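Here is what TrEMBL records for this protein:
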SIGNAL    1-22  signal peptide
DOMAIN    77-135  domain 'Nucleoside phosphorylase'
DOMAIN    150-213  domain 'Nucleoside phosphorylase'
Amino acid sequence: MARYNMWSFKVAVLVLGLLAMAEQSQQLSVRRPLHGAIRKINDEGPYLGLVLVSDTNKQALQASNVFVPSNYAPTVALAGRRFHVGKIKGTNVVHVKTGNASVNAAATVELLIDTFPIEGIVHFGSAGAVNDNIEMQQCLDTDRCLPRAPEIVYGVRTSTADMYIQNAAYREYIYAKFKASTVDEESAAVALVALSNEVPSIIFRGVSNTAGGSTAYKSYSYLGSVNTLNTAVGFIGAVGSSGASRANH
């Protein structure tokens, strides 16, 4: 019996020690300079979270000059990701690049929502077409011109999986089986995390290629990014944020 009492005492001391360490860790994290910066950023919120995927998406955003960085803390580095704070068309925005694949997208959106007062998620990126009726449109430059102006397509299905579709037969199977018109690797993860946190979201994907290859046109990843960025920016300008609305009034 004495042996059991001794073990109980050791376990109790261990648990109390771990609790004390956890409390100390929390106190230290509050004192970190980054905590004060995030608190200041959040005082200026709420924000729309602009979620992009790739370097090509980021290049399109930078080239557009629509994002105006914050004067106070334009960039915050957390868990290997860089969150950029500022405005688009007068609306408070935090934009972040997730990287490819659903696990990266899910982790990034969860961190975004947990760290900042996000009232909505706007996600944009490129996608591969599996529906032959959806084609690339508009000119990239004088050497690479496509038939018509960009068009927003409503009422079609998209699909997400952790694979890059390079097989024409599989592309045809996806369209025949699921009636999906595009494929990508992140959209469903972004939507699921937003839904789980009760944060509204909207996703824009610009067709950049035909999944599995095509004889009609080559891959235009940058053009797909530009077209879908323009749509996302137009949406942000139309919707705004409550924080921006209060500032304007």
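Positions of Cβ are set from backbone N, Cα and C atoms, glycine also.
TrEMBL does not curate its annotations; it predicts them automatically.
Residue counts of the domain 'Nucleoside phosphorylase' (150-213) by helix, strand and coil are 21 helix, 19 strand, 24 coil (DSSP-based). Summed and averaged per residue, pLDDT over the domain 'Nucleoside phosphorylase' (77-135) gives 91. Helix, strand and coil counts under DSSP for the domain 'Nucleoside phosphorylase' (77-135) come to 14 helix, 29 strand, 16 coil.
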